[in-house]
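Participant: My questions all concern the structure below.
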Amino acid sequence: MSDTEPTTSDASTSTLARQLEDLDRVVYRFRQNPMSVIGLGIILAFILIAIFAPWIAPYPSDAGYAGEPAVHYDQKFEPPSAEHLFGTDQAGRDVFSRVLFGTQLSLKIGAVVLAAAVSIGVPIGLAAGYFGGRIGMVLMRITDVFLSVPPLVLALSVSVALEPSLTNAMLAIGAVWWPWYARLTYGEVLSVKKETYVEASRGVGASSVRTIFRDILPNVLAPITVKMSLDMGYAILVASALGFLGLGAQPPTPEWGTMVSQGRDYLPAQWWYSTFPGLAIFLIVLGFNFLGDGLRDMFDVEVQ
Amino acid sequence: MGYRDYLIKRGLSTIPMFLGLSVLIFTLARVIPGRPARLALGPRATDEAVQQLREQMGLNDPIWQQYIEYMRGLLQGDLGQSLISGRNVATDLLEYFPATFELTTLAMLIAIVVGVPLGVIAGQHKDKWPDNASRLFSFFNVSLPPFWAGILLQLFIAFQLGWLPATGRIGDVSPVPVETTGLLLVDSTLAANSAAFISAAQHLILPAITLSLAPVADIARMTRSSFIEEYDKDYVEGLRTHGIPNRLIAYKYVLRKSFASTLTIIGLDYGFLLGSAFVVEIVFSWPGMASYGVEAILQKDINAMVGVTLVVGAAFLIVNFVVDILYGFFDPRVWHEGESE
């Protein structure tokens, strides 16, 4: 049914000190899972690419580095070669350079969307779980209504009233993503609230704010972190879908979803134009999914 | 509490959810600081024209009044006028919905038919190579952007090999199937029109496979974990000592008992599938509700988009209602112990 079962887990019941003691075992558990190590590798590689794109990319100006993206119509639609690993697009721009630069955007989108979702969802979940009663019920009912529409569709219906842009796309996705965090936090708070140390904290007269932030929040951080790493990939997927539909970043911004969409007009002859940006989305999402799965094993938490 | 009471209670709980949903969507589409009338008319429209359209769309009235007007219309099957087609949004949706319904339903069927056995096999060989392979396969599937997966299928299957058409819903066939349900497979079967049936089926395959990729993975993983939980129980050992073949134990006894949790994920996945349909329909030029919705967003057609979102939300609520009914059937504990909700 629609109510979540509060989950009790090792991580949420132990104190910070014990968590540190457990660290060795935790790292061991993480390394036991080869997929999570691969995932970490993929993500680190993408982060490095994002940072060093201006130096790695063979033609940074084609991706709009320091100015508007350059155009070279005499080189349009060249197939992949040593000079242009991923070929060139309809304006003769190097697809490889543009894909590398797209990494920055992609990571930024994922981070902004999740930051927005967490900063709305977690306080709502904390309040609903801690105060309970009527406030809690109303908050969780609102949350359930949001959850009754698939995120992409809800984000789309928000974007109808907005002009298509990258910022608005991030806003739209962030605005519909928070309920997942509200619900997760709510469930965790309910299970932590019954612990003796929370009772004790309240018993000695600590204020609600103090109890929430000192005693409850630290114990719900693990599942939230795991969920964020699992969601990062999905947020990037949804954002790229908005880009693909023409509702996110506008061309010639080197955003991967937008590039796949542009390349679609030139299929099947210029296959490389859609294929490589799409491959980049796939790899980064795969990396986050591997990593998130490893983190879930590591902290031994259920997140949904 | 009996099964019937459970059904009624569960059915009634859908109504406030739908009302909440309608308030939410309505509010989102109107309150967000955009300028729908201005956007709809374009930058060159005069202020008078914008003002006139606002008046016509009722955008100058207080929001709660707009909502009541809208819901009154909804009850009479009136969803307001579409700016693109000039027709009532409800008329448009009736035309486009069957194509989306046919596509998403087939995709879900594929996902179940592939995902469940995959999960059972993985569960039977826990932590051996079939399990690891299925795990990896699932990770790949959920990480694929649906639009890109669709493009790859088009490149290989349609363009390279020429096996299936890349876009559209039906080819040039005569006679054209008479429209009764709007579902081409059903209509052509009713008319005993095999040429139309084959053409429609060929057009359906690639988009349906594209849509089914992520749900296949979810269903397989969920089936696996609930299967493993059930497979460890004593009665399974008992069945085995009686010499009942493993295959029979797996599919007849264990799967049946563990299927309830798979059902829940199916309900959830149907929603995500409806979401993915928005990009997949575009890739395959599928003339469905999602394509219509995307067009509506690009043209800033608020009434059309609110209508589409409401239908998607309602479909999701209905699917989850059906899932809960079936859940109660597979696992009577949910209503026997009198603790539904």
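Here the Cβ of each residue, glycine as well, is placed from N, Cα and C on the backbone.
Given the structure is predicted, the values throughout are model-derived calculations rather than measurements.
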Participant: Among A:166-186, A:271-291, find the range that TrEMBL records as transmembrane segment.
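Facilitator: Result: A:271-291 is the stretch TrEMBL calls transmembrane segment.
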Participant: Mind checking which residues of the chain, 6+ beyond the ends of the transmembrane segment (A:271-291), have their Cβ under 8 Å from one of its Cβ atoms?
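Facilitator: Contacts with the transmembrane segment (A:271-291): 35-36, 38-43, 46, 77, 79-80, 86-87, 89-90, 95-96, 98-99, 102-103, 106-107, 110, 229-230, 232-234, 236-237, 240, 256-257, 259-260, 262-264.
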Participant: Under 8 Å between C-beta atoms and at least six residues away from its ends: which parts of the chain pack against the transmembrane segment (A:37-57)?
Facilitator: 30-31, 63, 65, 94, 96-97, 100-101, 103-104, 106-107, 283-284, 286-294
